[in-house]
Amino acid sequence: KKKARESCSLPESSWEERLANAVTPLWRLPYQEQLQVKYESQRKILQTLASRLEELGIDAQKPGGPCCPLQPVVPSPIINGYRNKSTFSVNRGPDGNPKTVGLYVGTGRERNIVCVKANHVENIPSKHKQVAQCYEEFICRSPLDSCILFHEGGHWRELVVRTTSCGHTMAIITFHPQELGQEALATQKALLKEFFTCGPGAVCALTSLYFQESTMTRCSHEQSPYQLLHGAPHIFEKLLGLKFRISPDAFFQINTAGAEVLYQAVGELCQATGDTVLLDICCGTGTIGLSLAHRVSKVIGVEVVEKAIEDAEWNAAFNGISNCEFHSGKAEAVLPQLLASWEDARPLVAVVNPSRAGLHYRIVRAIRNCRSIRRLLYISCKPEGEAMRNFLELCCPPDPQKKLAGEPFAPMLAIPFDMFPHTVHCELVLLFTR
């Protein structure tokens, strides 16, 4: 560790170092040591799961035993600059500049937030840093203020940059309209477009430039449409020999090369045969289901983001995949209806890939109560959080009060995938069977 610290190019206690420590806390460690740190953290999570199951009266052996062995962390094929999506904030920098574009050090609770440029952060690719620098140059030239606190006014807000291995770059700029009229808004959009197409920002060679007027912290396309100012409406990515279309707010795994390794493993763990039906819950743009479609008789995808479903349907058609159907809507509303009348005799395997908030209870209940689902793969980016509640709901004894009538699942295997080098996070795949 001392050698790693000595070889570091950042000055001690600098703002850059503080940001690197906050965003990529393992950045000083050699990569093999990072993997060991992550293995230990996943082992503790599975120990917690085993203990919680024992409290429920389930004889769950500790990880490492035959009940739920933990495999070594699968490394990421790319260690630096692997992120295909970055979100940059606008706030006061260490020098007091209120139009600094970067990432936060500090917390709102402590009221000590400082926005630091991310030029040195190792998991962000150079193209994202370039777009962030250009956006900062643009808003510094603008007479309009940045929007740090909504009630204090200001307009310029966060920047999202998405890139693909095909060389495409999408920039999405969020803007608080405050009291501006349509003519003033049109002027700002024209200036933004001119800057990134003819001005200094042209160096970014954007494939797509989007603008979103938002009076909320986070805003979906349905709440406030993404407005295309320049270029193509979508960018495209290649994954496992397939081509995928990506909309501004569609979910796509943050590490494309890592996602290929993950999805290949998921395909093996499904043990799908030619007559298997694959249920892809929280399917996003359909990447998991479509990449496994050639192994199964049918794929059924469910996703809440309408634009992502549009992408999934386009992706299926473009890649000549005809055995997929996608349902738009909240999974807790769609899935119970879908499974309640399930009479298909074919084997049904479920793959769930929820956000950090985990699965809604009604989704877990629908899975538990569908006798056809004998095999379930749960992909979690935060297994120590709400996902732990899901694990217990899947494995607990039948409970009439909670309407959990189905036979419980049992955790059989756990494989961590390092989708986020230099951070403490892992993507954990848990195989449940019954």
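The backbone N, Cα and C atoms fix where each Cβ goes, glycine too.
What TrEMBL says about this protein:
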type     : residues               : note
BINDING  : Gln253, Glu303, Asn353 : S-adenosyl-L-methionine binding site
DOMAIN   : 275-338                : domain 'Methyltransferase'
ACT_SITE : Cys381                 : active site, nucleophile
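Overlay of TrEMBL feature records on the structure.
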residue : record                               : Cβ neighbours (10 Å)
Gln253  : S-adenosyl-L-methionine binding site : 24
Glu303  : S-adenosyl-L-methionine binding site : 26
Asn353  : S-adenosyl-L-methionine binding site : 23
Cys381  : active site, nucleophile             : 19
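Here the CA atom of Cys381 (active site, nucleophile) lies 18 Å from the CA atom of Glu303 (S-adenosyl-L-methionine binding site). In sequence order, Phe251, Phe252, Cys282, Cys283, Gly284, Thr285, Thr287, Ile288, Ile379 are the same-chain residues whose CB sits within 8 A of the CB centroid of Gln253, Glu303, Asn353, the residues recorded for S-adenosyl-L-methionine being left out. Broken down with DSSP, the domain 'Methyltransferase' (275-338) shows 30 helix, 16 strand, 18 coil. Straight-line distance linking the Cα atoms of Cys381 (active site, nucleophile) and Gln253 (S-adenosyl-L-methionine binding site), rounded to a whole number, equals 11 Å. For the S-adenosyl-L-methionine site, whose annotated binding residues are Gln253, Glu303, Asn353, the maximal Cα to Cα separation is 15 Å.
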